[in-house]
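Read the structure below first, then the notes.
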Amino acid sequence: MKLAILSCSPRCYSTRRLVEAAEQRGIKAKVLNTLKFAIDLAEGEPDLYYRSKQLSDYDGVLPRIGASITYFGTAVVRQFEQMDVFCANSSAGISNSRDKLRSLQILSRHQIGIPKTTFVRDRKDILPAIERVGGSPVIIKLLEGTQGVGVILAENVKVAEAIIETLQSTKQNVLVQQFVAESRGKDIRAFVIGDRVVAAMRRVAVGNEFRSNVHRGGQTEAVVLDETYAETAVRAAQIMGLRVAGVDMLEGTNGPQVMEVNSSPGLEGIESATKLDIAGAIIDYMSAQVDFPEVDVRQRLTVSRGYGVTELHVRDGSDYVGKTIDESGLPELDINVLTLYRGTTVIPNPRLKRTLEPHDRLLCFGKLEAMRGMVPEKVRKQRRPKIKRLPDSAATIHAESSRDD
């Protein structure tokens, strides 16, 4: 396997360890500076140039994209995806993980435990927002920030209001988030590779610091996660579209509360705390998965006229409740169930004899017209109205205004 590691920091611990682990396994790994790429596009010929030379073929790509170059970095990863090269983390997953609001929206939609969070712009909404997340003390976060930068603890409402107003006056977007008191100054970092947690550590802040990030002097200790925490970490990473991720969780009274899913987790802290070869585990995973590059299903299916992918909900009282997928008539309608979601359980490629239950969600591929007819009329989205022609008088006004310009 020929591996490319995308990184602007070839001498940092994580990059050096990945190269070392690859070489120990007889794998040729090269560190490529993400900012030295040029993306070329032509009909049917997506291509990449590196330092002004056409890039040679690589079997796999391990992105280590810094937050400051997210846009360009994800564009490079996306180009590798278009060229059918396996990428450890998808471009979409990296982009989603960098946007704190977007990532929490995705996790919330999939019933992952998160601290109560609100996002406001109007000054009049600030106080009600603080109350909705549980009142003071409250956490205030900038939408973009890493290693604890841009995270503020406001001990009372007046201080919180002043901080939010000040940040908004400088055109900053901020999140207002519940302060999980029982987890003050500590959190858990679970390192996910593929479909399992390979290592986990607890990070504890020093002194009066409430942020437990290692870069802020936080101390670490290895921990063994119970099934609930491990399952939450894996689901969070997979939902975000990340095969290699650091999932940060608070230890709440109601179970794990996911704060963030990191697409470029550092290796030094987790390897030092656990004494495990995490870099080697990443390389081993890539070796096993390199023949299965990311496929943009929706993009591929746009050429299938009249067909598409959608999610069907089995509602209370539906005729499908109690029937198997086979008995539901979906196969006869040329509708294939790709995945069944039941609560927090994901059932890929479910058997036709699987019985449907209320609140099941079915990810289906088939004829759009047939699937549209299965959505109850009261929840069905209205079709887009036809665009009407402007009256002649309006067209005349437009022509005159154009001449004035």
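Yeah, the Cβs are placed from backbone N, Cα and C, and that goes for glycine too.
Per Swiss-Prot, these features apply:
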type	residues	note
DOMAIN	104-287	domain 'ATP-grasp'
BINDING	131-187, 211-213	ATP binding site
BINDING	Asp248, Glu260	Mg(2+) 1 binding site
BINDING	Asp248, Glu260	Mn(2+) 1 binding site
BINDING	Glu260, Asn262	Mn(2+) 2 binding site
BINDING	Glu260, Asn262	Mg(2+) 2 binding site
DOMAIN	296-380	domain 'RCK C-terminal'
REGION	380-405	region 'Disordered'
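Asp187 (ATP binding site) and Asp248 (Mg(2+) 1 binding site) have their C-alpha atoms 7 Å apart, to the nearest angstrom. The Cβ neighbour count for Asp187 (ATP binding site), using a 10 Å radius over every protein chain in view, is 23. Taking H, G and I as helix, E and B as strand and the rest as coil, DSSP gives the domain 'RCK C-terminal' (296-380) the counts 13 helix, 28 strand, 44 coil. A coil conformation is recorded for Lys171 (ATP binding site) in the three-state DSSP classification, outside any helix or strand.
Counting every protein chain shown, 21 other Cβ atoms lie within 10 Å of the Cβ of Glu260 (Mg(2+) 1 binding site). Here the binding-site residues are Glu131, Glu155, Asp248, and the one ringed by the most other CB atoms within 10 angstroms is Asp248. With Ile163 (ATP binding site) as the anchor, the candidate binding-site residues are Asp248, Glu260, Asn262, and the one with the nearest CA is Glu260. With a 10 A radius on its CB, Ile139 (ATP binding site) counts 21 other CB atoms from all the protein chains.
Taking only the Cα positions, the spacing between Glu155 (ATP binding site) and Asp248 (Mg(2+) 1 binding site) is 23 angstrom. Each residue in the domain 'ATP-grasp' (104-287) has a pLDDT score, and their mean in this model is 89.
Cβ neighbour count within 10 Å across all protein chains ranks Phe179 highest among the binding-site residues Lys171, Phe179. The binding-site residues considered are Ile163, Asn262; of these, Ile163 has the fewest other C-beta atoms within 10 angstroms of its C-beta. Between the CA atoms of Asp248 (Mg(2+) 1 binding site) and Asn262 (Mn(2+) 2 binding site) there is a gap of 8 Å, rounded to the nearest whole number. Here the C-alpha separation of Glu260 (Mg(2+) 1 binding site) and Phe179 (ATP binding site) works out to 15 Å. In the three-state DSSP assignment, the secondary structure recorded for Phe179 (ATP binding site) is coil.
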